[in-house]
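Undergrad: As annotated in TrEMBL:
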- B:5-22: transmembrane segment (TRANSMEM)
- B:28-49: transmembrane segment (TRANSMEM)
- B:56-75: transmembrane segment (TRANSMEM)
- B:81-101: transmembrane segment (TRANSMEM)
- B:108-125: transmembrane segment (TRANSMEM)
- B:157-176: transmembrane segment (TRANSMEM)
- B:208-229: transmembrane segment (TRANSMEM)
- B:241-266: transmembrane segment (TRANSMEM)
- B:278-302: transmembrane segment (TRANSMEM)
Amino acid sequence: MLLEINALTKHFGGVAAVKDVSFNVREGEIFALIGPNGAGKTTVFNLITGVLAPDTGTMVFMGRPLAGMKPHRIAAMGLTRTFQNLQLFGRMSVLENVMAGAHLKGKTGFLKSLARWPGSVAENKMIERDALKLLKEVGLEDQAGLYAAALPFGQQRLLEIARSMASNPRLVLLDEPAAGLNSAETKILAGYLKHLREQGKSMVLVEHDMETVMEVADRIMVLNFGESIGEGTPEVIQADPKVIKAYLGEDDQVA
Amino acid sequence: MNKKIALWGILILAFALLPLFIKSNYLLGVLIVIGLYTIIVIGLGILMGYAGQVSFGHAAFFGMGSYTVAVLTTACHWPTIPALIASLILPGLVAAIIGGPTLKLRELYLALATLAFGILVHILFNELKGITGGPSGMTGIPYLSIGGLVFDRDIKFYYLVWVTVLLVSLAVHNLIHSRMGRAMRAIRESEHASETSGIDTAGLKLQAFVFSAVLAGLAGGLYAFYVTFVSPSPFGFHTSVQFVLMAVVGGLGTFWGPLLGAGLVVALGEVLRWAIPLVIPGAGGEYQIIFFGIILMLIMVIKPEGLGAITDLFKKPRVEEVQ
């Protein structure tokens with residue numbers, strides 16, 4: 001099992017944002033977390049990536065507990081993420097964004113950087129080459145020299161996903177990657193996520209766009225008020241009366 | 001690329017030949033001070049412009065470098081080169097110790113903490129009379145000698161300082177264009193995204209802080225060998241503010257910013273000291289500060305990105321940010 005989440009709980013003040021949530025993510029699958037706004041999905045991401053500390057519960061990634069680890073240490077273990085409200089490096093070029101995302105691929109430290117140590121230049125070239133390859137995959141190679149902030153919104157989403165992939169992680173947490181995309185862009189996104197899965201990447205997907213979720217997810221968990229109210233394949237979830245009542249029933253997006 | 005090398009070549013040549021046309025020791029002295037301040041502002045520029053952290057206490061590291069040289073060469077009779085090396089290490093160590101807790105603070109709080117640190121160290125310079133000589137300072141610092149070459153005249157010191165500026169600039173140029181430079185710019189843009197990219201943001205900020213303190217210490221050590229006399233007065237709060245001013249006026253995150261900022265602020269101070277009494281007879285130092293403020297305010301209004309951003313004019317136009 002790649003990621004094991006067990007009885008995770010987090011309170012903000014008196015309110016339980018996440019309550020006794022458990023799930024597993026398997027190698028090579030897309031696991032979707034869905035639920036109404038405020039159901040605790042982003043909080044789960046913040047707990048897994050070390051931005052927040054859980055009140056109780058355990059999180060184990062590749063056999064190692066994540067509790068108390070700093071976000072950059074968790075990234076070094078092979079777990080990265082994207083953000084619901086984009087967190088691009090706006091005043092850096094598109095290429096540099098992906099290269100910064102590949103920080104973990106390099107070893108050159110502060111002193112060696114000052115001295116332009118032999119090897120650091122070659123290392124940088126290697127990182128640049130890999131970054132360009134990634135940009136090509138998401139169709140942004142022609143925009144490599146632009147500031148990230150100059151990209152249209154849809155391309156910014158793609159760039160952030162490319163950046164989260166740049167360090168070659170085992171698991172990526174994607175927080176509403178389709179939010180704000182038009183239908184054409186959403187199709188490109190869904191295609192890219194499936195392409196990544198074929199390459200052996202595992203993903204946890206938080207998403208409101210049900211069409212995309214049903215299309216790409218292998219398994220789905222539904223959160224409501226911080227609690228899990230159902231888990232299973234897209235078919236099972238779509239047929240679950242509890243889920244329909246709590247969430248899907250009022251949503252005309254469901255295909 | 002060739003243009004860039006040509007620009008460097010012309011600048012180096014200009015700095016190398018400049019003393020041939022300068023007959024006054026006063027002007028040479030001003031250029032030496034500009035060089036020393038440039039070294040400090042380069043470090044501060046890395047801290048502020050790339051790692052996104054502000055420090056209002058860098059005069060303290062500058063002073064520590066000076067006092068390290070003063071104490072080691074006079075009271076301890078150390079040779080000059082080990083004393084100069086120590087003037088880099090001690091401020092670096094102090095920065096490493098106070099940096100851990102201090103850099104956890106943000107914006108105003110970080111500014112206040114570094115400001116308090118700078119004031120504290122300045123008080124220590126005054127009060128630790130047994131070590132620092134108190135307000136009257138320390139005299140008798142020997143001239144720096146490197147392998148038989150004794151830096152006993154301003155002209156020699158001029159070359160020493162500006163060669164140091166060149167070496168520091170090259171090192172920082174390397175840094176900015178490296179993996180670590182990219183990581184620092186990423187921290188400035190988004191700490192969350194930097195962390196999830198595997199960048200140790202706290203560690204890198206600390207490294208930038210220590211690096212800037214080491215450079216301030218180096219400038220301080222050289223300063224002590226230049227004036228051969230050290231007292232607390234050049235290392236107060238006012239100097240720390242000036243360093244920040246130089247960094248901002250020069251342009252944060254720009255390569256030429258530190259040189260332009262240090263040059264302009266020092267030169268402006270000297271010119272005003274000379275010019276204001278001509279215009280307003282009997283005017284004191286307070287008039288100088290008023291004009292100083294007005295001119296700097298004008299620069300910030302006209303060119304808020306700082307003077308270093310002027311090089312943008314020579315670049316090909318870039319796509320502007322979308323609204």
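Backbone N, Cα and C define each Cβ position, glycine as well.
Just so you know, TrEMBL annotations are computer predictions that nobody has curated.
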Undergrad: Below 8 angstroms Cβ to Cβ, which residues of this chain, lying six or more residues outside the transmembrane segment (B:241-266), approach it?
TA: 30, 33-34, 37-38, 40-42, 44-45, 48-50, 54-56, 58-59, 62, 165, 169, 172-173, 176, 185, 188, 296, 299-300, 305-311
Undergrad: Does the transmembrane segment (B:108-125) reach the transmembrane segment (B:56-75) with at least 3 CB pairs under 8 A, where each pair is 6 or more residues apart?
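TA: In this chain the transmembrane segment (B:108-125) contacts the transmembrane segment (B:56-75) - 3 or more Cβ pairs sit under 8 Å.
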Undergrad: Which range out of B:56-75, B:81-101, B:157-176, B:208-229 gives the transmembrane segment (B:28-49) the most CB pairs under 8 Å?
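TA: Between the stretches B:56-75, B:81-101, B:157-176, B:208-229, B:208-229 has the largest tally.
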Undergrad: Would you call the transmembrane segment (B:56-75) and the transmembrane segment (B:208-229) in contact, using three or more Cβ pairs under 8 Å, pairs 6 or more apart in sequence?
TA: yes
